[in-house]
Structures are given as C-alpha cells and as structure tokens.
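**Student:** Attaching a single structure in structure tokens format; questions to follow.
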Amino acid sequence: MIRTFEMELGGRPFVVELGKVAELAQGSCMIKYGDTFVLVTACASKEPKEGLDFFPLSCDYEEKLYAVGKIPGGFIKRESRPSEKATLTARLIDRPIRPLFPKGYHNDVQVIATVLSVDQDCPPDISAMIGSSIALSVSNIPFMGPTASVSVGMIDGEYIVNPTSEQKELSELELIVSGTKDAVMMIEAGANELTEAQILDAIMFAHEEIKKIVTFIEHIVSEVGKPKSEVIVKETDSELLAEVVSFLDTKLANAIKTVDKTERNENIKAISAEALDYFEEKYEGRSKEVNTILSKQIKVETRKMITSEGIRPDNRKLDEIRPISSEVGILPRTHGTGLFTRGETQVLTVTTLGDLRDAQRIDGLGEEDEKRYMHHYNFPPYSVGETRFMRGPSRREIGHGALVERALKPMIPCKEDFPYAIRLVSEVLACNGSSSQASVCGSTLSLMDAGVPIKGMVAGIAMGLIKEEGQIAILSDIQGMEDALGDMDLKVAGTENGITALQMDIKIAGIDRNIMETALAQAKIGRTHILNKMKEAITSPRTELSAYAPQVTKLKVHPDKVREVIGAGGKVINKIIDETGVKINIENDGTIYIAAPDQESARVALEMIELIVKDPVVGEVYTGKVIKIMDFGAFVEILPGKEGLVHISNLAHERVAKVADVLAEGDLIEVKLMEINPQGKIGLSRKALLPKPEKEAPNKVE
C-alpha cells in the first residue's frame, strides 16, 4: 500500500513516499523535495557478528549522473568510486545516527541513499540525511531515533533554512545540523569569521526546524512503522566486575596518569595482561568478559579522574593547551612549508602553487565548477605507531581534509588578487589527538611561508566534554584518549576575529545551549593562545614567492582582442608558448594569465601579447617582416597577426619594375603606416621613409 506524507521545508514541499519501491528492504522511502528525488533504504543482518567490539554500520551515498542528465566521462561509461562530495555526505548521514543504536547491538546495518533526480535549489544531501532517519525509523531495526537535519545560511544577519543555490552564493554561513527532538547530535559549518554568538544562534535556529521535522517523522512512524527487533545484550556479571575492580585497585588510575602516550599505553596494556592472566587462571574461559570489563573500567577511571579530580591523563588542567612549536621554510625546493607540533601531535603542511589550469574541475551532481584552492590530509599508519595497508585516502582522511580546507577558504585571496591554483597537503607525522586542527595551523604557516597573501591567520582547536553524574568538564585541546572516551568532539577553527569552520559530534543527549556556549568561549581563548604561538614563527605572508614557484602575470585586454591572441587554430598563442615556455590561460572577459618558469619568460610573453593587441596607428613607423611578394606589392607584418600592403608604387621614389628586385620574403624593413581604410585594410609605405633623390641639373647648351 502506497502512503504519502507531506510537510513544508524551507518554503518548498517535502514529500515522503512509502510502499511503492524497494519493498524488500527492511526500511525504505522515496524523498521528493522539489524535483530532487532520493531513494533511501535500510537493511540489517539477521544475526550479530561474533567477536566485534564495535557497531558495524555502513552508510553509502550514491550519486547517479543520470540525475542531472549527464553521461559519465572517460572510457568506462558508468559511475565508479564515490566523489569527494559523496564521501562527505555519507559521513554526514553516518555521524548523527551512529550513537542512536543500542549498546551491544552488533548486527550489520547498511543505509544506502541513491540520488535519482536533482533540483539544484533542493539539496539532495539533506534529503538523504532525513530519508536515512525515516528508513531506519519505519523499519524493524532497533534505531532509537528519529533524527532530522537541516542546512542553514545567513544573509544580512537573517538565517535561512535550506538556502537555494543562489542564496548560498550570498551566504556568510554554510551550516548543517542534525539532531533529535531533545538534542543536537552533529554540526558541520563553514563561516566567514562569524562570532560565537552568531554561530550558536544559527545552531539553535536549526534545532527549532529539526524539532518540526522529527514530529513529522514520528507521525509517519505511528502510521506505517514496524515493531522493533529485540536486542538481547548479555549483562555484566556483577560479582566478576567487583573482583576485577578490586584487583585493579589504584594500579589502573596510576597508569592512566602517565604523561607520555606510548608509556601510558604500555602501562595500561601490562596491567590488563596481568588481570587477564590472573582471571583466566581463576575462571577459565571468561577472558572475553574480563576484557570487556577492563575496557569499561579504563573509561570509568579516566572520566572519574577528569570530573572529580580535575586531572587529565597527561596531568594538564582542563583548559590547558599542550606545548606548541612552529617552524616554516624547512623544505628547500617546495613553494612553502609549515611544521606545527602540539604535544605529541605533529603535522607538516606543504604548499604548491600552480597556474589556473591546475585548478580542480568539479563535475558531479552540482553545476560544473572548478576549485583553485585545495587541501588534502594524509594520515599514515606510522603516525600512531601502527602498520596497515596504504591504499587510497580513507573516508576519515577525506573528511578531515575538507574540514581544514573549509577553515582556510575565507582567508584565501581571490583569483584577481592572486592568480594561482593553490594545493595544500598536510602530512600527519605523529598523532595524539587533534591532528585535523594541527593541520589548520600548519596550513596557515605554510601559506604564509609560500607568500600567499591570506587575509588573516587561522588556528584550530579540538574541545571535549565529560558529563558524569551531574558533573561537567569541558576540555581544551583534547588528546586521543579523551576523544575516544569523551561525550563530545568539538573542532573550532578561526581567526582572531571569528569562526571560519566548526565540526561537532555528540555521543549523548542533554548537551544544551549553555554547555555549547561555554565550550565555544573556552575554544576562543585557546585559539587566541595558539595564534600567538604561531606568530613566533611568522607574523605575515612573505613578500616574495619561492624561486621555484611559477611566475604568474595578469593582463587585461578588450574581449574582442581575445581571438587575435589565440589566432586561427591557436596558431598565435601556440607560437608564444613554444617560444617562451609559458602557460597561458584566457578568460572570456579578456583577462589573460601568463604562468612562466621565470620572470624573463613572463616578460617576453607579456611583450608579445601586448604587441598582438596593440592597435596600429596612422603615421607610426614600424619594423615589419615581408611575408609575401605579389606583382602589385608586398605584404608586411608590422605587428603579430597584423599585416599591411606596401604597393609597388610606394616601395621607392624611382620606378620599380618588379617587387622582387627590391624585396624578398623574410626581409625586415621599416615602413610608415599611411592609412587604414573603412574595411580595416592597412596601407604602408617604404618610400615615405627614404630620402628623396636630388634632381639632376639640366645640361647647359653652349
């Protein structure tokens, strides 16, 4: 039976259709938002996976190019690996729903969102996020939702729900918020130096819209929802728990307080091994239970130590930042480098400058575009002292790279002021938490070292939260252990003036406005401290680019002159490129960018183009090249691509019988421009520049 439900979202109808397609999935729905259609399905395995200590959830976002009437490019005419946008959207679907499954539920769960049709003003990512919540909520899968998601923009101080593509161009904020009726679960934001108060107001505005959507989904579930499967989770043996806690005594707490990460892990590992050996001997075959209890006790002890004693695993205060060091210019042949170290986290970021043709072409479900500023983040296994196969970038690496890219984007100069493509690569050399925010700092240092005139320095900090038995501890600059065992991961990047990027994931309910307000205020203090430390290495962008960076020169010509610079079949522009070794990029408005390996090549190419676009002037004298001999005269090229005729009568004062008697093809001669007729044809004279012969005196008759 087909059921249709409708509400208004962002001033447009949002329609949910159930019971028509994908009926064999445990949960499915078709989302129709304007002309955007997204099919979302949810399925779970019948039995849990044995031996897992995590929840095996996978979320996929499939971009079908037929949704925008395109055929995939290349030799293989079908969609292949997900685009960066698809990967980021899959992460947006995953993050708010993952905490809402029962603890101990280890069945495989897969959510697939397939984009079937795209209306650029009705975002398919938001449709997919809401659709995933609906598909899970109406299924028998034990999902403790529903959740909902909205996008928020800000124009002239006013917040807009799900802004259109035109509104996004004007917006100072790009915010996506997911949550339940009671709490915000996930935030992803990019902003143009907005204040903490503006960001917080936008989040609260989004949550009010989320509440309306959740109420709408609850109505759908009440009408068509299936009974939820029962989750049987084995309870911890209270007697065994008490024995393990007694055995650990204060040893575990002391091990957790070890400052050095590697030493701390070794100490915890040694105590755990000792406990496992002891209880295996005492209760044979119960090692798995003991191991589960040990993992829980590590979390309990760490959280209790932070909330009750105000002590963190490395003995820092709650708002204390780890020691920071910054360096620039450490790689001699690169265009710019920044090495940022914070505690045991270290990131090297390298800047590479290229000409505008190096910009990345974006050809997905959105309108065709190109990206001249890119950031890529790499997290090799050695950064955490581990081994693993190194293949392509993981979803996490793509997500972190996009976050750092968003943090720096408002500071990147426009193409007109800095006509370069910019690629940043952050290599995580060592990691004990906050590597993405260390990449923000390293990227700022690297850009400044490269001489990119950024509008301001950007720093990033990761904040954490522990909420235990009514006690709340907000942590600045969290390390890996605090991230894993905490209740919130809040990453904030910005300048001294405001926030440029924000990402938040919350694992528990009950994070209210006051907590977020306190966390953002504490993050600002930490961010300012980090910026001051970064200034010890470099305070402003270098005034000169690296000697190894391309030299880009900009020239503006009348649009009508563009065809003259290009020439028939590209003849003129290819000649310039061949003779000078430069790269040339021409835009429709007449802006020409010349990228050269050195300043001399740039100068020569610039002069050649200036000559091409220069208009011939009547009365001017030119040195031209004879390009063709005719019976009636010679054609002479006076400027690149511009030629005129020297009529045989204008070659010399005396009578010339044959043009070839005076000139040959390839000769360089001086000519004067005598006229340009209404058809644009140029008349030249060689004779006008030659001295007139003296008249012979008449013979005297005796």
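Cβ coordinates come from backbone N, Cα and C, glycine included.
On a predicted model such as this, the values are computed, not experimentally measured, just so you know.
Per Swiss-Prot, the feature Mg(2+) binding site maps to ASP483, ASP489; the stated evidence is sequence analysis. Taken from Swiss-Prot, the feature domain 'KH' covers 550-609. What Swiss-Prot lists as domain 'S1 motif' is 619-687, and the listing cites sequence analysis.
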**Student:** Within 10 Å of the Cβ of ASP483 (Mg(2+) binding site), how many other Cβ atoms are there?
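**Tutor:** I count 17 other Cβ atoms within 10 Å of it.
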**Student:** Which state, by DSSP, holds ASP483 (Mg(2+) binding site): helix, strand or coil?
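**Tutor:** Where ASP483 (Mg(2+) binding site) sits, the three-state DSSP reduction gives helix.
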**Student:** When you measure from the Cβ of ASP489 (Mg(2+) binding site), which residues in the chain that are at least 6 apart have a Cβ under 8 Å away?
**Tutor:** ALA462, MET463, GLY464, ILE478, ASP483, GLN503, MET504, ASP505
**Student:** Could you put numbers on the helix, strand and coil content of the domain 'KH' (550-609), residue by residue per DSSP?
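**Tutor:** So the counts come to 32 helix, 16 strand, 12 coil.
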